[in-house]
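**Q** Sharing a structure, written as structure tokens. Questions coming.
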Amino acid sequence: MTGIPFTKGHGTENDFVLLPDLDGSLEVGAQEAALLADRHAGIGGDGVIRIVPTRLAAEDDVRAQADEAPWFMDYRNADGSAAQMCGNGTRVFAAWLRREGLVGAGETAIATRAGVRRVRFDGDHVVTHMGTWRLARPEEAGDQGFDALVHVAEAEEINEPYSALSLDLGNPHTVVALPPGISLDGLDLTQAPVVRPVPPEGTNVELVRVLGPGHLAMRVHERGVGETRSCGTGVCAAALAMGVWSGTADESSTWRVDVPGGSLTVNALPGQQVELAGPAALVADGTTTLLTRQS
Ligand SMILES: N[C@@H](CCC[C@H](N)C(=O)O)C(=O)O
């Protein structure tokens, strides 16, 4: 077989190019990832995930996870930038490891740039323990629980910025609860929302509408990608922000979050813990000549 093997997969239509690199011989830097993710000149995806033994990772803090988590999810956004975490990616990554017989049906641990994430299989769904979340700037969240302003272009020009909350799920998020009367469908996410203060590492921006008790609708503009049809860390941030705003962040709660690509379930747990559950699909296998192996 010529070319480098890849698998295409998605989690609620947040789609990824998976590159198995079992001996650490692939070089997938920013340029290579951006080309692979290109929907015209490459394979196409919101992100690129290299699947590599953790002990072969370049970063010291990732290699330090090797005893606990043998496989590293080396995630890059479509623009080639490396990100700390990808919630939907963890499910697709685990589904690939299981299909290939590299992990069993029990709980498995995955190394990420944000630390180890534990994943379990539950019928058609994969459940990821997303670790400990935190407010990004607790000292700046006022009585109303907001610490940022976000301006989003809208179908009908409204120049008021929205109040928002910044959360850290291993990667950065800014959650906006849309006020009544503002249509989620009417937002123009072809341009990045403008966030103030400017987050030092950039941010993913979640626009959220409450549909009912424990039920949200969300659209997202992802850092390093643009609008995507789903974001796993983003739906967790959205549900957790609701808990912060209602003063129930320390209690267990379950949320269904509808995104353009499907629905995900978020379980908020005491102690700033959170789980994400949803589907993972592996839809194509092939080879690519866009990469070569290091000799
Ligand atoms: N889609 C992902 C998040 C991917 C990384 C993000 N764009 C970032 O740069 O932080 C998810 O499912 O969490």
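Backbone N, Cα and C define each Cβ position, glycine as well.
Not measured: the values here are computed from a predicted model.
Okay, so TrEMBL annotates it like this:
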BINDING   N14, N77, G87, N88, N171, N204, E222, R223, G232, T233  substrate binding site
ACT_SITE  C86  active site, proton donor
ACT_SITE  C86  active site
ACT_SITE  C231  active site, proton acceptor
**Q** Check each residue in the chain of N14 (substrate binding site) that is at least six apart in sequence and keep those whose C-beta is under 8 Å from its C-beta; list them in sequence order.
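**A** Correct list: D46, G47, C86, N88, G89, T228, R229, S230, C231, G232, G261.
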**Q** Based on the record's binding annotation for substrate (N14, N77, G87, N88, N171, N204, E222, R223, G232, T233), what whole-number value in Å is the widest Cα to Cα distance?
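**A** Between the most distant Cα atoms of the substrate site, 16 Å.
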**Q** In the same chain, outside N14, N77, G87, N88, N171, N204, E222, R223, G232, T233, whose C-beta lies within 8 angstroms of the Cβ mean position for the substrate site?
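**A** Same chain, not in N14, N77, G87, N88, N171, N204, E222, R223, G232, T233, Cβ within 8 Å: G47, A83, M85, C86, G89, V220, V225, T228, C231, G234.
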**Q** If you count other CB atoms within 10 A of each CB, which of C86, C231 wins among these active-site residues?
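**A** Neighbour-count leader: C231.
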